Structure formats: structure tokens, C-alpha cells
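Novice: I'd like to ask you about the structure that follows.
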Amino acid sequence: MSNESLANLMTETRRFAPPAEVAADANITAAAYEAAATDRLGFWAEQARRLSWATPPTETLDWSNPPFAKWFADGRLNVSYNCVDRHVEAGHGDRVAIHFEGEPGDSRSLTYAELQRDVSRAAHALTELGVKAGDRVAIYMPMIPETVIAMLACARVGAPHSVVFGAFSADALATRIEDADARVVITADGGYRRGAPSALKPAVDEALTRPGAANVRSVLVVRRTGQDIPWTEGRDVWWHELTERQPSEHTPEAFEAEHPLFILYTSGTTGKPKGILHTSGGYLTQVSFTHHAVFDLKPETDVFWCTADVGWVTGHSYIVYGPLSNGATEVLYEGTPNTPHNGRWWEIVQKYGVTLLYTAPTAIRTCMKWGDDIPAKFNLTSLRVLGSVGEPINPEAWIWYRKHIGGDRTPVVDTWWQTETGGVMISPLPGVTEAKPGAAQVPLPGISATVVDDNGTEVPNGSGGYLTVTEPWPSMLRTIWGDDQRFLDTYWSRFEGKYFAGDGAKKDADGDIWLLGRVDDVMLVSGHNISTTEVESALVSHPKIAEAAVVGATDPQTTQSICAFVILRGGAAEEEGLIDELRAHVAKELGPIAKPKRILPVDELPKTRSGKIMRRLLRDVAENRQLGDVTTLTDSAVMDLIQAKLPTAASED
Ligand code: 6R9
């Protein structure tokens with residue numbers, strides 16, 4: 001067995017200093033780290049003053065009953081007021097809040113004044129439907145402005161929302177409606193995906209036939225596609241009919257800082273989905289601060305675009321609450337990146353002059369696969385900061401992103417966080433940090449995180465282990481909805497007094513943090529714990545490879561052996577000798593211990609609906625097992641294609 005928690009095999013020596021013009025005018029300087037280190041709670045109390053409070057808090061953190069935190073507990077605020085009304089009151093009513101781009105090419109822009117009117121009407125509409133503070137509302141929508149309006153209307157009346165990703169099945173929706181005991185569902189007839197209208201309402205109807213969903217009394221339906229949908233009189237209500245007749249002014253009520261803001265379900269690896277609960281004041285403080293700090297947002301001039309779906313936490317925190325609390329102008333795009341052509345995203349960047357872009361490694365690697373010539377056709381010079389989230393970004397994908405999207409000018413910020421953490425936790429700052437491609441590097445000011453070994457002891461620089469958060473933070477999850485025990489067991493039992501949510505990481509020679517993937521995916525090879533991320537990054541650093549997924553397969557000699565699935569870059573051919581070349585390349589980059597035993601070129605990899613690689617299924621393939629649960633897979637045909645390729649895959653020593 002291994003005596004190291006996780007091996008550190010990769011060295012990356014490229015460095016990128018912050019551009020002088022970003023550094024000179026940065027929202028946050030190195031002084032913030034010092035201020036937060038000297039007085040962490042004072043630092044967060046200061047950040048809370050970014051918000052408008054009906055009753056400003058005098059308390060910062062109540063940690064008397066860990067791990068159940070209360071932040072700013074005696075303060076009162078309205079989250080929707082902070083995201084909308086206060087910007088209008090400050091004279092910015094004419095500023096665009098949302099540039100909406102529909103997939104078919106329709107577009108409209110919504111100013112803060114218009115957002116205020118629409119959120120106010122929607123809040124009255126919810127009240128007319130009997131929604132009261134504390135009632136849960138399920139939202140099952142495409143990526144359209146009404147989704148954001150619906151979330152803000154819920155926040156305005158104090159009704160926690162539970163947004164369910166629009167491509168989830170009726171079953172998944174029913175389970176989530178039942179767990180949260182939602183009383184109202186907000187949906188649409190459908191939305192546009194991949195060039196065609198895709199229905200949503202029928203899944204709601206089906207979900208509501210389940211006994212667990214019996215308490216739902218109203219379904220509010222936005223008309224987006226105009227397609228024919230089934231209708232239940234007395235239960236179903238058109239959004240436009242109900243909202244149009246409401247007053248356009250609404251007085252927001254202030255709620256306690258710990259009032260629940262939303263529940264968001266994460267699937268977890270086993271068992272029923274976990275309803276992650278976030279509350280109001282601490283959450284909004286951290287998402288507002290991190291959006292300001294990590295993207296260096298200048299609300300008067302920047303155009304921000306987060307490409308995530310609003311159904312994921314990234315959409316909650318960096319489409320809705322972070323940007324809007326900061327009075328930002330942002331883009332909301334309904335569709336897929338390749339509809340009607342592979343350059344659609346870059347066309348949108350050009351059209352709106354996007355300055356700050358936030359996306360996921362999976363999208364970046366897909367663009368690498370499609371080829372450099374596609375972004376090269378568009379004017380991307382407006383961009384000034386690029387962000388990444390969702391998975392470790394391989395150094396080569398980071399470099400590609402900076403070079404082909406950022407014109408070799410822009411800082412790239414690799415932001416590590418989770419549904420559970422609510423907001424960004426570990427990330428470089430664009431005007432401060434000398435960036436290392438592929439590393440999230442440093443906990444943000446006010447965040448305490450480190451890497452520990454099996455015993456919970458901090459590892460020395462140059463070693464790997466488990467990523468833990470060692471002090472409470474404002475946007476931390478408060479519990480798992482209805483299941484405090486599961487909250488304790490899942491996050492707080494592995495290491496005494498520390499939060500742990502499953503990621504492996506290492507500290508490099510400078511003490512900077514590199515994320516190494518989920519610890520469940522770590523491979524044990526001849527006594528070494530090897531991270532999937534490092535082997536994948538080594539493969540992606542080969543000029544012919546765009547994307548790689550690596551798993552450990554049971555092996556009689558070495559406990560596990562490394563099995564890699566790779567996608568070739570645009571233009572690269574699967575030539576004779578490529579597999580041997582790749583194996584030699586990994587051995588050179590990481591050492592012979594990390595050399596994959598098998599490498600299989602594939603066209604697609606299995607991904608969750610939020611774009612994360614599902615290594616579990618590849619492990620089933622590598623071990624010739626029946627596939628496990630495939631319900632969270634975006635496209636189940638992918639697995640058939642991979643299995644069809646298998647017999648030719650072996651490349652034994
Ligand atoms: C925001 C989000 C959380 C998991 C997390 C980790 C992975 C996210 C990452 C990253 C390496 C990054 N992850 N950002 N890994 N570097 N910058 O993605 O939330 O969907 O809950 O996923 O995603 O494994 O634990 P969520």
C-alpha cells in the first residue's frame with residue numbers, strides 16, 4: 001500500500017504575470033490578502049457592506065454550534081432588492097442588465113428598470129398564487145430572461161427556489177419536487193436546443209402525476225416556443241396572462257440574513273440527490289465579492305458572460321446573484337455552442353463586445369477539438385479576463401484558451417468551488433497573481449483552505465493529499481435540506497473540524513494549490529496513488545490530443561493499471577504508432593509509473609449534464625463490466641460508440 005496520500009508527478013514551469021493595465025486598475029490588490037489574514041471576520045464584515053441592508057448586521061459569524069454556521073445573523077435584507085432596485089435607485093435604470101440571445105437568433109435587452117418592473121410583477125403573481133415566505137417553488141426552465149426573473153421574484157417574496165436543470169427527466173423533477181415539497185412549479189412550453197424547439201411542459205405534467213408531487217397547486221407557464229402543450233385547467237396558468245395584469249411596483253420585504261434563498265440538488269455518486277441549502281446574507285456577500293474580485297468587474301464598462309446553465313450552481317452564483325448584485329451588464333444565451341455553427345459563441349462575444357468570459361474546461365477542450373481556425377474568424381479583442389470552472393483545466397487547455405480566445409493577452413482565472421461552497425473559494429486574482437497554467441493556486445482573501453494527508457495533517461509543499469476548508473465561509477451550505485445527519489456525515493466526518501468534499505489536490509514547491517480530481521477516481525498503481533488529472537493533463541499536452549479521460553482498471557500485477565480514452569485535436573489523424581508515441585510522451589512528462597497500459601482514441605467522452613467526465617462508466621468499460629447508472633449521462637449513445645471501439649483498444653506492454 002501507498003505511504004503517500006497522492007503522488008505529485010507533474011511540473012509546470014510556465015508563468016504569466018498580470019497584464020500591467022489590469023494590475024494598475026485592479027479592484028483587488030495584494031493588500032486584501034493581508035487584511036483578511038489579520039482579521040478574517042472583519043474582512044467579511046467589510047464585504048457585507050457591499051450590500052444594502054434594511055438592518056445592517058452587528059454580528060459577523062456565529063460558530064457556536066459547528067458545523068451549523070450563521071453569518072450576519074442579526075442583519076435583514078432583501079436579495080432581490082440588492083440585485084435590482086438599488087441599481088435603479090442609484091441612477092442606473094437605463095443600464096442593460098441582460099442581453100438575451102435566443103438560439104434561433106432572436107435577441108432582446110433588458111435594462112435594470114425593466115428588470116425591476118418584471119420582477120415586481122412576477123412577485124405579485126406569486127403572491128396571487130398563494131406563495132408565502134418560506135414556501136418552496138420549483139423552476140424548470142430554458143435559459144431565458146424569465147428564468148432569472150422567476151428566481152429573483154422568489155427571492156423577493158422569501159420563497160426558496162429549487163431550480164431543476166431543464167434537460168432532467170420527469171422522474172428527476174418529481175424527486176426534487178417531492179424532496180423540497182414544492183407548491184408551485186414555474187416552467188415554459190419549451191426552449192430551443194440544437195436548432196429545434198424542445199418541450200418542457202410535458203415533463204412537468206408527467207412529474208405531477210407522481211404521488212410525491214401531489215402538493216403542487218399551480219404551474220406557471222412561460223410561452224417561449226409557441227408549441228402545442230397539454231393544459232390542466234385550474235392548475236396551469238400562463239405567465240404572461242398572470243404577470244401582465246399585476247402592478248409594476250412591489251415593495252420588497254426584508255428577511256433575516258439566514259432566511260433560505262435556494263435549494264439546489266447535486267446528484268452525488270450514490271443514493272438520492274442532496275438538496276444543498278443556501279441562505280441569504282452570507283451567500284450574497286460572497287458571490288458579490290468574488291464576482292467583483294475574480295473578474296475585476298467594472299460595471300460601467302464590462303460585459304460579462306457566464307456560459308453555464310442557470311440550473312447549475314455556476315448559473316445561480318455567476319449569472320444571477322453575483323453579477324446582478326454588482327449591477328453588471330451580462331449576456332444570457334439560450335442554446336448550444338454549435339448551433340447553427342461551431343463559431344456561435346465567438347460570434348456572440350463579437351456581437352456584444354463581451355469583456356469577461358466564464359466557461360468550463362469541457363467547452364474549452366471541445367473548441368480545441370473543433371480547431372483553432374474557428375475562433376480566429378471572429379473579433380475577440382474586447383475580452384480582458386477569462387475564467388474557468390467545473391473541472392481541473394489541463395495546462396494545455398489553459399494555454400489554448402489564453403492564446404486562441406484571449407489573444408495571448410488576457411489573464412485566465414481557474415476558479416475552484418462547488419455547489420456546496422456557494423461561491424468561488426480558490427482562484428488567482430487577475431491583477432495580482434502570477435498565473436500558473438492549470439492551477440487554482442490560492443484561496444481567496446478570507447478563505448482558509450489547505451491540503452492534508454490521511455490523518456488530517458497539512459502536507460508539506462511538493463506533496464499531494466485531500467483538499468479541505470479549515471474555517472467557515474459566508475456562502476457555505478447550511479445543511480442538506482431535511483437531513484442534518486447526512487450533512488454532518490458527508491462533509492464534516494472525514495477530518496475533525498474541517499470541511500472535506502471529495503477533491504484531491506497538491507501543494508507545489510511555492511505552496512500553490514493544484515486540483516487533482518475527485519479522490520474516488522484516484523488510481524493505485526504499484527503502490528502509488530496517481531491522480532487522473534495529472535495523466536490526463538500529460539496526454540492533453542501532446543499536440544494531437546484535445547481531451548483525455550483516464551481510469552484505473554483492476555490489474556493482477558499492479559493492483560490497477562492506467563487506461564486512457566483520448567479525443568484527437570481538429571485535423572489530427574489516428575496514425576500508426578500514435579498510441580506508442582502517447583505512452584512514451586506520458587512517461588517522459590510524469591515518469592514511467594504513470595504510463596497508460598491501454599490508450600483508446602474515441603470521438604466523445606461520457607459527461608454529466610454539467611459537462612464533467614463520468615469516469616465511473618469508463619471504469620466499467622475498462623473492466624468489461626455491465627455499465628452502471630447512466631441516467632445522468634448527457635447522451636447515452638456515447639457509451640455504445642466507445643464500447644464498439646473496444647476490441648482494437650489494447651496496447652499491452
Ligand atoms: C462550481 C461547480 C464541484 C466539483 C468540485 C471539483 C470540480 C470545480 C474546479 C474543479 C478543479 C476547478 N471542480 N471547479 N476541479 N478545478 N477549477 O462546478 O460545482 O457542480 O458542485 O462541482 O467540480 O471536483 O468538487 P459542482
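Placement of Cβ uses the backbone N, Cα and C atoms for every residue, glycine included.
Annotation source TrEMBL lists domain 'Acetyl-coenzyme A synthetase N-terminal' at 31-83. Annotation source TrEMBL lists domain 'AMP-dependent synthetase/ligase' at 90-473. Residues annotated as CoA binding site in TrEMBL: Arg193, Arg194, Gly195, Ala196, Thr314, Asn338, Ser526. Residues annotated as ATP binding site in TrEMBL: Gly390, Glu391, Pro392, Asp414, Thr415, Trp416, Trp417, Gln418, Thr419, Asp503, Arg518. If you look up TrEMBL, you'll see 534-612 marked as domain 'AMP-binding enzyme C-terminal'. Taken from TrEMBL, the feature Mg(2+) binding site applies to Val540, His542, Ile545. Residues or ranges marked as N6-acetyllysine in TrEMBL: Lys612.
Could you tell me the structural context for the features on the list?
Specialist: Computed over the domain 'AMP-dependent synthetase/ligase' (90-473), the whole-number mean pLDDT of the model equals 97.
Within 10 Å of the C-beta of Arg193 (CoA binding site) we count 17 further C-beta atoms, all protein chains included.
Residue environment of Trp417 (ATP binding site) contains 24 other Cβ atoms, counted within 10 Å of its Cβ in all protein chains. Secondary structure at Trp417 (ATP binding site), as computed by DSSP, is coil.
Sequence-distant contacts of His542 (Mg(2+) binding site), defined as residues of its own chain at least six apart whose C-beta falls under 8 angstroms from its C-beta, comprise Glu581, Leu582, His585.
Under the three-state DSSP scheme, Lys612 (N6-acetyllysine) falls in the coil class.
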Novice: Give the number of CB atoms, excluding that of Gly195 (CoA binding site) itself, located within 10 Å of its CB.
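Specialist: Around Gly195 (CoA binding site), other Cβ atoms within 10 Å: 13.
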Novice: Ligand 1: which of the binding-site residues Asn338, Pro392, His542 have a Cβ closer than 6 angstroms to it?
Specialist: Pro392
Novice: Which of these recorded positions is closest to Arg518 (ATP binding site) if you go by CA atoms: Arg193, Gly195, Ser526, Lys612?
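Specialist: So, spelling it out, the nearest of the recorded positions is Lys612.
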Novice: Under DSSP, is Pro392 (ATP binding site) helix, strand or coil?
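Specialist: In the DSSP reduction, Pro392 (ATP binding site) maps to coil.
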Novice: For the recorded Mg(2+) site formed by Val540, His542, Ile545, which further same-chain residues have Cβ atoms within 8 Å of the site's Cβ center?
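Specialist: Residues close to the Mg(2+) site, other than Val540, His542, Ile545: Asn394, Glu396, Ala538, Leu539, Ser541, Pro543, Lys544, Ala546, Ala548, Val566, Arg569, Leu582, His585.
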Novice: Under DSSP, is Arg194 (CoA binding site) part of a helix or a strand, or is it coil?
Specialist: coil
Novice: Just to confirm: which same-chain residues, 6+ apart in sequence, have a Cβ under 8 Å from the Cβ of Thr419 (ATP binding site)?
Specialist: Leu264, Thr266, Ile276, Trp312, Val313, Leu477
Novice: So for Arg518 (ATP binding site), how many other CB atoms are inside 10 Å of its CB?
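Specialist: Taking every protein chain into account, the count is 19.
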Novice: Could you measure the widest C-alpha to C-alpha distance across Arg193, Arg194, Gly195, Ala196, Thr314, Asn338, Ser526, the residues recorded as binding CoA, and give it to a whole number of angstrom?
Specialist: 51
